[in-house]
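What TrEMBL annotates here:
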DOMAIN    7-436  domain 'THIF-type NAD/FAD binding fold'
BINDING   25-30, ASP49, 57-60, LYS73, 118-123  ATP binding site
BINDING   CYS159, CYS162, CYS436, CYS439  Zn(2+) binding site
ACT_SITE  CYS174  active site, glycyl thioester intermediate
REGION    200-236  region 'Disordered'
COMPBIAS  201-216  compositional bias 'Acidic residues'
DOMAIN    447-534  domain 'Ubiquitin/SUMO-activating enzyme ubiquitin-like'
REGION    566-647  region 'Disordered'
COMPBIAS  566-586  compositional bias 'Polar residues'
COMPBIAS  590-606  compositional bias 'Acidic residues'
COMPBIAS  637-647  compositional bias 'Acidic residues'
Amino acid sequence: MAADLGVLNDDLQEKVKSSRILVVGAGGIGCELLKNLVLTGFKDIEVIDLDTIDVSNLNRQFLFRKEHVGKSKAQVARESALKFNPDGKIKAYHDSVMSTEYDTEFFKQFDVVLNALDNRAARNHVNRMCLAADKPLVESGTAGYLGQVTVIKKGLTECYECQPKPHQKTFPGCTIRNTPSEPIHCIVWAKHLFNQLFGEADPDEDVSPDTEDPELAGDAGKQALQSEAKEDTVGGIERKSTRIWAQETGYDPMKIFNKLFRDDIHYLLSMESLWKKRRPPEPLDFDSLPNTGGSSDNMNLIHDQRIWSVQECADIFKQSVDLLKSELQKQGDAGILVWDKDEPAAMDFVTAAANIRAYIFGIPIKSRFDIKSMAGNIIPAIATTNAIIAGLLVMEALKILSGNINDCRTVYLNRHPNSRKKLLVPCMLDPPNPKCYVCSSKPEVTVKVNTTSMTVKSLEDKVIKGQFGLVAPDVELDDGKGTIIISSEEGETEENAAKPLSFFGIKNGSRIKCDDFLQEYNLNITLLHVDKLEEEKEFEVVGDVSEVQARAAEASAAAAAAATTVSSFTPSNTAPDNSASNNGQGQKIDDEDDLEIIEDEEEEMIVETSAISRKRKADEVEEPASKKARKLNSEQVNEDDDAIVVL
């Protein structure tokens with residue numbers, strides 16, 4: 001072990017042996033990290049992971065073997081890692097780090113927390129727990145060949161949430177349901193269909209046009225207007241979900257096929273205004289399918305790489321529905337299935353359904369391999385990337401334990417060497433963002449919503465929990481009365497869930513106070529009322545009120561200036577280049593354990609170049625301009641940074 005071989009100085013050796021380390025995550029990075037920790041000589045380690053081992057993990061998570069499939073990642077990782085150093089002590093928790101058992105007192109036990117997570121919600125939570133416990137956190141992430149490690153310390157550096165993270169691309173519901181134009185639209189629709197039929201159904205994701213909705217055009221809309229209102233229903237309209245309809249048919253594959261790909265398409269065609277400037281879809285009937293859509297040129301390819309014909313898609317659709325129906329029945333009356341890209345029947349279902357829909361709308365059909373990449377939102381994980389990042393995690397932890405936290409760096413792993421022939425590019429740690437809604441002294445944020453249509457339940461689930469990451473919030477109106485509209489105690493405010501915000505007097509400029517006891521976190525939210533937001537958004541985070549007012553003033557000034565600008569204006573070529581100074585404000589890489597966002601080839605290119613370069617411009621310049629000003633001796637820093645090695 002490194003601590004026993006004289007690799008580390010005497011003082012650091014003792015700190016390594018006596019320190020307590022918490023590892024959050026035992027997947028791609030976590031396996032490499034645990035191995036590195038025990039080989040370095042750490043004796044007291046605890047690891048938390050909720051997941052179980054899947055066959056797809058075995059090609060890169062080398063603490064696991066075939067016989068471990070289905071077992072706890074944390075437990076098996078512990079057993080495997082101890083084989084490298086039986087003198088170590090590792091305690092494993094097969095649990096969610098967001099459980100209430102892991103409070104601030106739990107986090108205060110540790111000298112350093114090391115993140116090897118695969119989702120943003122858990123990252124946000126650990127970030128807040130480390131801030132509340134005032135413990136250093138070493139954060140990490142990988143994306144294919146790219147990776148990064150950074151250190152987070154309360155009051156000294158940016159926290160994980162100091163800079164906004166890009167959201168995964170979403171699409172308007174009407175595009176998914178009615179007017180798809182790209183393969184990804186059909187894939188999203190097929191995943192929604194899986195949930196509607198077999199999974200946890202979300203009414204907002206229903207895949208069929210609502211023939212009971214009188215607001216829609218066409219014959220069905222007229223029929224709905226002429227029908228009698230029904231009692232005990234919202235607006236007098238009784239809507240039948242796709243799940244209930246499928247259950248009534250006994251999950252008959254041919255009936256499901258004809259409803260989705262024939263009847264629903266005929267209904268869409270009755271909405272004539274949709275097709276004035278679009279290619280209209282062509283309905284399909286299960287009993288008279290064209291044997292087209294595939295290609296004879298790829299018949300020698302493996303099954304996953306071939307383009308299936310429409311007939312093949314229909315046959316596979318039928319087979320997968322039968323298999324999934326059987327799996328659902330095994331779950332009991334209240335059972336649900338969870339879509340998994342590595343579950344053959346689930347993946348076949350989405351591939352077949354997406355391609356049939358694509359054919360109907362004249363969209364190119366994709367191979368199962370391509371659809372798996374897009375449906376799973378993945379960039380293939382690279383084992384060596386995980387190994388490098390895990391090594392850097394330990395190196396930054398050693399700096400912290402030696403008392404040299406000021407020597408810590410944010411280190412980026414690039415796909416290609418930079419101008420100095422370096423794959424690893426270190427940058428100075430950024431100071432906290434004074435306007436961060438997590439780590440600032442008075443966290444505040446402003447959100448635009450329609451207060452008359454947004455319900456308390458939507459506010460809780462989509463804004464407070466979904467957007468701002470609170471786990472068990474209590475929400476109080478800042479109305480001088482202390483009115484509680486959301487309570488973390490189950491059942492206390494359940495009757496408020498379906499009521500609109502306006503019911504409680506919430507209007508433009510109203511403020512609410514959000515408190516999460518577990519995270520020891522408070523957030524004040526100012527709500528701005530808007531009748532409608534762009535792209536069918538339910539809400540929009542806009543910073544604080546002063547920023548909103550400043551932007552409005554700038555927009556007004558710009559409009560006034562534009563009105564007086566002569567038409568012969570020629571842009572100046574001498575404007576300052578802010579690209580370097582913006583590099584420090586870019587995006588962090590998030591390892592999603594097979595990782596994030598590929599929706600098409602163009603998207604992949606963006607991930608590998610421009611989206612990374614805003615923070616990682618060190619490929620082209622030694623240090624962002626905003627960071628050079630903080631350096632007393634850049635030459636010395638660069639020499640020190642060159643000492644970074646790849647483990």
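Going from the start of the chain as shown, residues are counted 1 onward.
Including glycine, each Cβ sits where the backbone N, Cα and C put it.
Closest to the residue listed as 'active site, glycyl thioester intermediate' in space, going by CA atoms and restricting to the binding-site residues ASN59, ALA121, CYS159, CYS439, is ALA121. Taking a C-beta cut-off of under 8 angstroms and a sequence separation of 6 or more, CYS159 (Zn(2+) binding site) has the following same-chain neighbours: ASN127, LEU131, ILE152, PRO432, CYS436, VAL438, CYS439. Same-chain neighbours of the Zn(2+) site beyond CYS159, CYS162, CYS436, CYS439, judged by a C-beta within 8 angstroms of the site's C-beta center, are, in sequence order, LEU131, GLU158, TYR160, GLU161, PRO432, ASN433, TYR437, VAL438, SER440. Residue counts of the domain 'Ubiquitin/SUMO-activating enzyme ubiquitin-like' (447-534) by helix, strand and coil are 20 helix, 29 strand, 39 coil (DSSP-based). Between ALA121 (ATP binding site) and CYS162 (Zn(2+) binding site), the C-alpha separation comes to 15 Å. When the alpha carbons of CYS162 (Zn(2+) binding site) and ASP118 (ATP binding site) are compared, the span between them is 19 angstrom. Counting only residues at least six positions away in the same chain, the Cβ atoms of VAL24, GLY25, ALA26, GLY27, GLY30, SER72, LYS73, ALA74, ALA77, ALA92, TYR93, HIS94 sit under 8 Å from the Cβ of ASP49 (ATP binding site).
Confidence in the domain 'Ubiquitin/SUMO-activating enzyme ubiquitin-like' (447-534), given as mean pLDDT, stands at 93. Cβ-based neighbour count (10 Å, all protein chains) for CYS436 (Zn(2+) binding site) stands at 17. All protein chains considered, the CB of ASP118 (ATP binding site) has 22 other CB atoms within 10 Å.
Within the same chain, residues at least 6 positions away in sequence whose Cβ sits under 8 Å from that of ASN59 (ATP binding site) are ALA383.
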